[in-house]
Amino acid sequence: MAELSEPEGPVDWKERCVALESQLMKFRVQASKIRELLAEKMQQLERQVIDAERQAEKAFQQVQVMEDKLKAANIQTSESETRLYNKCQDLESLIQEKDDVIQNLELQLEEQKQIRIQEAKIIEEKAAKIKEWVTVKLNELELENQNLRLINQNQTEEIRTMQSKLQEVQGKKSSTVSTLKLSEGQRLSSLTFGCFLSRARSPPQVVKSEEMSKISSKEPEFTEGKDMEEMEIPEKSVDNQVLENNRGQRTLHQTPCGSEQNRKTRTSFATDGGISQNSGAPVSDWSSDEEDGSKGRSKSRCTSTLSSHTSEEGVQCSRMGSEMYLTASDDSSSIFEEETFGIKRPEHKKLYSWQQEAQWKALNSPLGKGNSELSKKEQDSSSDELNKKFQSQRLDYSSSSSEANTPSPILTPALMPKHPNSLSGKGTQLVPSSHLPPPKLRIPNVFSISVALAKRHLSQPQLSSDRMFGTNRNAISMIRPLRPQETDLDLVDGDSTEVLENMDTSCDDGLFSYDSLDSPNSDDQEHCDSAKKVAYSKPPTPPLHRFPSWESRIYAVAKSGIRMSEAFNMESVNKNSAATLSYTTSGLYTSLIYKNMTTPVYTTLKGKATQISSSPFLDDSSGSEEEDSSRSSSRTSESDSRSRSGPGSPRAMKRGVSLSSVASESDYAIPPDAYSTDTEYSQPEQKLPKTCSSSSDNGKNEPLEKSGYLLKMSGKVKSWKRRWFVLKGGELLYYKSPSDVIRKPQGHIELSASCSILRGDNKQTVQLTTEKHTYYLTADSPNILEEWIKVLQNVLRVQAANPLSLQPEGKPTMKGLLTKVKHGYSKRVWCTLIGKTLYYFRSQEDKFPLGQIKLWEAKVEEVDRSCDSDEDYEASGRSLLSTHYTIVIHPKDQGPTYLLIGSKHEKDTWLYHLTVAAGSNNVNVGSEFEQLVCKLLNIDGEPSSQIWRHPTLCHSKEGIISPLTTLPSEALQTEAIKLFKTCQLFINAAVDSPAIDYHISLAQSALQICLTHPELQNEICCQLIKQTRRRQPQNQPGPLQGWQLLALCVGLFLPHHPFLWLLRLHLKRNADSRTEFGKYAIYCQRCVERTQQNGDREARPSRMEILSTLLRNPYHHSLPFSIPVHFMNGIYQVVGFDASTTVEEFLNTLNQDTGMRKPAQSGFALFTDDPSGRDLEHCLQGNIKICDIISKWEQASKEQQPGKCEGTRTVRLTYKNRLYFSVQARGETDREKLLLMYQTNDQIINGLFPLNKDLALEMAALLSQVEIGDFERPFSTPAGHVTNQCKVNQTLKQVIEKFYPKRYRDGCSEEQLRQLCQRLSTRWMALRGHSAADCVRIYLTVARKWPFFGAKLFLAKPITPSSLGSTFLWLAVHEDGLSLLEYNSMRLIVSYVYKSLMTFGGYQDDFMVVINNTHSKDKPTEKLLFAMAKPKILEITLLIASYINNFHQQKAAFHHLSAPALLSAQTRGPQARMMGSQPLLSSSRPTKGPTLL
């Protein structure tokens, strides 16, 4: 300043400015130094403060300890001190002695270890010798086996020559003599199938007929059981009546005890078409679909049936004592074997004698059509008259050997379809051909408990056999429970006594008119009659009641009301028909819900619906290569085979041991679940050609050749065809039958390195993909399929030891394309590190590993490029960079394996993860953070270790310059640094409720990157552990938001070892319920456990999830999130869940809150709306996570409607019925009935339920009474009359709009609406004072009158050319099958049982159903195509598959139940209801007889 004030001389401002700038720079340098010194000093002071605080805390603790000691200690004398000193000396000496003992024990342990090692070596030497001996012995057996095969072939040729000669001799004889002689040969065939009844048990001893009659006379208690066994009904057609008469005479002549034996054979109802099923179909009857019509074949069928019948009787009698409690058939095939025959389900409460009369008329009609129509006079006939008729026909029953399968009355509800009209029109679709084998169904012999036993052991009055059903339904009701007590509307106008009988005794009297049918003699009948009188005299006669007038009126309307009114406006419905065929859905959302399925294709195998493709079939998707030339050759071979296999051909017997070859001559295969598929009946080893791999071939060379029957999906008609496959020379050829192998094959499949084998759903099918085609194959049993897979994999040079070990389970730690070098050979493979094992595959898409390397305790290190294998690899000229890196893996007791890696980043990542997987303590690999974690792991996370204070493990305000973990590429390293910046922004910015979207966006973007790049999941977990390891002052919010972000992160995924170990330790050290930080640590611990239990998530957190975590203190709740679930009656239930809750767990919580049964019993499912806003719903699978559903729905909604506010629309969850089972209706809860009523009302409103206008009003009145209550009449006072009248009118209009069908109210004038409201009010007032439960019961009783109640209807248009026309129709999916209904009237066109559905699903842009027409010879399969919207195709496909698989699960559940277990289950009624099962006997069910407890 002094220089500036001097006036002398001019001032050089430029120099002055430069000088000042230099001074400024000096000041800045000094200031920066001062800042650095201050920063260092501050850090030093902070450390000192921390140390001081820690020391002060320790000192404070010591002071407290000393104070406690001073307070507790008394003044000790010198004697007490001496005593304590002596005690201390004694303890020290005792410790020394213990140490000596421990050392001695350790020495002994070491000696024992050495001894065990020596013994192990000796055992290994012995095992090697034994193995060598076994190998030599097997080779000798193999040579001997080959010699035996040659001998067998020679003898087979001789047998064929003899049979041809025998056939010529037989042709010269008369038809009667030939029939008698053929019976012996066919008996052998039928005996083979007769033994199916006893498979999975010891072979039964066949009992002679005389011995059987003795047994039955000595053991009278079995007679009642036999009454409930199966009976025979003859199959009578135009062309074989005479033969059946002859057969009947021979049966009477050959079986003296025929009347008793015939009670033991199985029965089934004759269908409308009059086609009975042949329970004893011979082998030759199955072998060709074209061979029926010759008289010789009819004769052979008759004789074979007779012998099969007698053989099965002996088997059943010999095992009666051991099998009297069986409740299901022995075979494990589908439940549809009992429902194949399209049997007509009896309507509820009708006496069983009417059904018996229908059977009797069907048997005596020349064409067997007496069961199609029943007159009222026939229906009203008494049970006594019918019993006399049946007794007069007992001779026909005992003399018939070609029987139809008729279920016994106790199984009638189980075996009959629900829909009585399903056989009209083209109802013959339900009737399979008699060529199919019958179901092996045995009636549970629960009625063999004698009266004396019941009296002695159960302390009950003596019972007659016709009362046993009402009192001992234990095993029977478990097979198929009876439907609930509902009123049969057809009997409303009858006498009140008849109504009472039908309501109260439908299970007792009606069904047991059967019992008098088979009474052995008059004495037994008199005994039954006397027993009846005793039973009837025990309980008091219940009072007779008529229906109330209001209920009778509703039932009277319902009798004729289940139909459409003639006049209503269909224009509004027709307008929407074409529009509904064109919706699409959001791919992002549906890819999560349906697991990337678009329109899948299913096939029916072993009674189960098995998915064979997740996308629709195209024209060439199934790879049919049956060219025209091969077809012509197949026709030639077929005609030759027909000429060779005449009536007396032993062709079937030659292959009769193998069920897989029974239908080899047929072009279309019998479905695999139509016969037994035990491996013991598969192709015998001696019969296989030389190319077939023998099961006893345990040599070192793996088999590369095989032949046998497989089922192949055809090309144009998607049906299964049985073909004889021959694998030889790396090529898979297929023929029509084994005899055609000398001709040109029908097709061939070239197996090359580009082929892939993918197992289908539930390991039922195999998808073989080549360069040109995709083939779908299946076998008769899983074991045969596994053998084929193994041989095919050997051909494809897949060295997997066990073909069942597909893609290893678990989350891969690392994966990538590497070059593996071993023993000088190099190969480019896809490597995946899972756990402590390195798997390598041929390609990334391959599911079968080529091999694996166990890494535990292996030596993993980086090596220089000095090994010979590397140099050889470079010399070979492969396409690998010359600058590659090498990692060597040296497992214990194995040679080294070299991995060649192209980049340094990738090499570092692989080296670190391989080292960790090997369990190495090497801390010189990986990043600095990883090395520190490894050191902590070596010291087991010692809390006092200085490693915890390392800056790399602690919170830092500055960004990181390199990732905390090793990453395989530079791009991922850059992303990791950006990820840390995003976490810093989330942590440092204060949470503001109005601007919460900023934090939501940051969290979603960061976690989405980690889901897209799984390599970054370890990185973000390590970053959040680092940023939450230091406690900030309470006024800084940073660390708390770090804990919140960590909670969101661990709810999605978990890091790998050892970072998972570090995370658990970090959470454990910070868990403290007294602080907010500690509460979040406890919440994170819960999230870690749940994520480890249910697996990783698929979608980023939703807005709702992030809001709940940031603002609503999630640590206070075990289920921190909640969402409303809507019901069909307009109410909702809020249900809680966490980040890992699956749909199955969510539904368990919902059912507990609402008092409903499990979805498997109730048929209810959870649905979501479509994000696009269209009227679509998506059914949720049980393993999807609720949070993923909400998140994907939000993302799809934003994409499809970007302009709307994201926070306003959320996913809507609806809980409603998806699968309806009439057998489960008995255990419906009140809530289920209510929701079912409202769901039915929704169908009525939308025109998916047929009812006329009168019945619609009655139903609307019932719903109004349930929802609103009693109808409020207008007040009579002038003051309030106007206001109240307006209120009443408004209520009536709302009811009409809510409960009355749209099609009936659209277009109505004001006057018509007023009259409609007046009629509704009249019906509503009639319900005054009645409870909601009564109204719900009546509503469902009326609704169940429609045969398709509970079915889901889909609008479809048949694709021309089709026999169904080209107009719109309804596809009704219900528990018994698929039905086609007329569009306007909803009358049945045709029904198909699920058994006849071969393939169903997407075909191009349409819905495809392939039907097995077993009754048609000209067209054994039929493919139906329907134009539908793609979402509806997916929905109907999954719905059909669910029905089929649910029946299969029910069959499996009931299969192993026994009567003693069921008897014990009855005593546990309340417990069974708690577990969701149904009680076997309802305590409220009225009965006339005493009940067995």
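Numbering starts at 1 and runs along the chain as it is shown here.
Cβ atoms here come from the backbone N, Cα and C positions, even for glycine.
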Check your understanding: So which range, 754-773, 1214-1233, 1274-1293, 1474-1493, gets flagged region 'Disordered' in Swiss-Prot?
Key -> 1474-1493
Review point. Which of 703-797, 955-1110, 1121-1451 shares the most C-beta pairs under 8 angstroms with the domain 'PH 2' (811-919)?
Key: 955-1110
Exercise for review: Mind tallying the domain 'PH 1' (703-797) by DSSP state, helix then strand then coil?
Suggested key: 20 helix, 39 strand, 36 coil
Revision key, fill the gap. Looking only at the domain 'PH 1' (703-797), mean pLDDT returns 80
Exercise for review: Sort the residues of the domain 'PH 2' (811-919) into helix, strand and coil with DSSP and give the three counts.
Suggested key: 22 helix, 44 strand, 43 coil
